Amino acid sequence: MWLFFGITGLLTAALSGHPSPAPPDQLNTSSAESELWEPGERLPVRLTNGSSSCSGTVEVRLEASWEPACGALWDSRAAEAVCRALGCGGAEAASQLAPPTPELPPPPAAGNTSVAANATLAGAPALLCSGAEWRLCEVVEHACRSDGRRARVTCAENRALRLVDGGGACAGRVEMLEHGEWGSVCDDTWDLEDAHVVCRQLGCGWAVQALPGLHFTPGRGPIHRDQVNCSGAEAYLWDCPGLPGQHYCGHKEDAGAVCSEHQSWRLTGGADRCEGQVEVHFRGVWNTVCDSEWYPSEAKVLCQSLGCGTAVERPKGLPHSLSGRMYYSCNGEELTLSNCSWRFNNSNLCSQSLAARVLCSASRSLHNLSTPEVPASVQTVTIESSVTVKIENKESRELMLLIPSIVLGILLLGSLIFIAFILLRIKGKYALPVMVNHQHLPTTIPAGSNSYQPVPITIPKEVFMLPIQVQAPPPEDSDSGSDSDYEHYDFSAQPPVALTTFYNSQRHRVTDEEVQQSRFQMPPLEEGLEELHASHIPTANPGHCITDPPSLGPQYHPRSNSESSTSSGEDYCNSPKSKLPPWNPQVFSSERSSFLEQPPNLELAGTQPAFSAGPPADDSSSTSSGEWYQNFQPPPQPPSEEQFGCPGSPSPQPDSTDNDDYDDISAA
């Protein structure tokens, strides 16, 4: 059993790799040659807290930790061996010793580093080399007992990286130190992955922006890299694939970067940029500053870094309104607040705090209040005039473009309205009369005053009624037809004289308004039409005392309303057998209406020709002996047989007057 436990312990010790404890009187040394180093493996030595992996404090790995090498036993052979092992060329002629360790350890360098907490470096390891190669070196534990300095070296092929002209160590133009000279990087194929490598190498977090050339001030000196193409996993920028700087890439194409740990400040809510609430841009967002430790030293550093002089007043702030909160603690000698001790989103340090505010000496409002010798009104006008003029110039330029646009729009609208109005006027002048004359003609004629019932008279469209003329048939033989002693008279030699008739009386007067509404000329022979209708009443034959049968075309001869019948050779026969039919106004009205609705194609009885246009009705003076006359009387009474008789021989009749030969028509 005891044998089993012993074998198990030996196997455990062998697998763990711990060396067997050395005697108390002998130092525990481990040769570098005992640990085989092959390419690709990580060396047990490194340089930290420098500008690159080729300069800084020498650290060696002991078991699972990194320990700084003792500076008391540091020599040139060890420095040369370390620089060659790290691929940084040879060491510089004079090796430098590290200063005494400060009370507070420096911030950790890039990579997985750990710093010993020993303040006196008691028992620190030492690197002892017998030649300028790494295989001739060995690490001795607890070699230094009282020396408090650390070994430090700068190799000849030192490479460094920095960001300049960006307002801090974590933003600006990218520059590399190569062959002892600082140079820039060309922005060809420069992207966010390349900027990530830069920010991580400098300990500034991650990249927020990868900026092209001319965003920052152009650099000077050579251009060390062109077409850099990093994957984002490289530890150093010079480990990324790329090309050496060419001559065709100038400083106008210098690449830049802004890292998440970069801090920039501003003052808001004041009269100008030198007064207001303190805000810091950190990790891509704006944050407020806690006033729990906002003292004159912190305010002084901020005002100086902003170029606003010194701090004059620290007014009480408002509650925090932004997402993040930053805490600063300065001694007053720092260049920027980022060089002070700071904490971000620490609830303990910023509890029950408000947003910090500051008033710097370069503020315009403070300058106006602190110069009583200059009138405030004059100072205000002088300072604000420059700003006001810029605003007015901008607004005036906008107004100069706006006002002509409005005027042109109004003119265009007015011209369109005017053109539309002119077109409507032209259309109404030439098109409306045609529409009225051809499409909206009146269809009825108002009845006369003697009509007791409305008599609609339909007139065909576009057919104007002409005076109806009945051409009297020429007598075959005026001398042989009757014993007329009338002389032949040419009626066309002397125009007839218009006399006052029933048609032109007051009862048939058509006013001007009715004429304008009707828009057509009324036919002048309305009374003639009435007489023509009335001619349906049969008359007696003077020779044989036989009533003539009524014909479809009643015998009607146009005569003047003022004609005077003085013929003495005509035979008149009033036969008692030809009694007048009883008066029927309705029948007469219907016959009149139907007659007027018919087109004026009238025919005389017998072999009379159709109506034709001839002289006016007023020109007919019926003096021929061969004409038949019919005298109409309003409503007639049935006469007795004694009043009718056939005369034996014709005898000259006395001259009849107008009142005897013509009766007024009173029937409607």
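Heads up, the Cβ atoms here are built off N, Cα and C, so glycines get one too.
The compositional bias 'Polar residues' annotation in Swiss-Prot covers 586-596 (among others).
The feature compositional bias 'Polar residues' is assigned by Swiss-Prot to 619-632 (among others).
The N-linked glycosylation site annotation in Swiss-Prot covers N28 (among others).
Taken from Swiss-Prot, the feature N-linked glycosylation site covers N49 (among others). Under the DSSP three-state reduction, N49 (N-linked glycosylation site) is assigned to coil, being neither helix nor strand. N49 (N-linked glycosylation site) is surrounded by 18 other CB atoms, counting those within 10 A of its CB over all protein chains shown.
Look at Swiss-Prot and you will find N112 (among others) tagged as N-linked glycosylation site, backed by sequence analysis.
Residues annotated as N-linked glycosylation site in Swiss-Prot: N118 (among others).
Annotation for N229 (N-linked glycosylation site): same-chain Cβ neighbours under 8 Å, separated by at least 6 residues, are T189, D194, C240, P241, G242. DSSP gives N229 (N-linked glycosylation site) a coil state; it is part of no helix or strand. Here Swiss-Prot flags N229 (among others) as N-linked glycosylation site, drawing on experimental evidence.
The N-linked glycosylation site annotation in Swiss-Prot covers N339 (among others), and the record cites sequence analysis as its basis. Other Cβ atoms within 10 Å of the Cβ of N339 (N-linked glycosylation site) number 17 in total over all chains.
If you look up Swiss-Prot, you'll see N345 (among others) marked as N-linked glycosylation site. For N345 (N-linked glycosylation site), other Cβ atoms within 10 Å of its Cβ number 14.
For N368 (among others), the entry in Swiss-Prot reads N-linked glycosylation site, with the evidence type sequence analysis.
According to Swiss-Prot, the phosphotyrosine annotation covers Y662, on the basis of experimental evidence.
Taken from Swiss-Prot, the feature region 'Disordered' covers 18-37 (among others).
Annotation comment: Swiss-Prot describes 471-490 (among others) as region 'Disordered'.
The region 'Disordered' annotation in Swiss-Prot covers 537-668 (among others).
According to Swiss-Prot, the signal peptide annotation covers 1-17, on the basis of sequence analysis.
Averaged across the topological domain 'Cytoplasmic' (424-668), the predicted model reaches a pLDDT of 48. Summarising the annotation, Swiss-Prot assigns topological domain 'Cytoplasmic' to 424-668.
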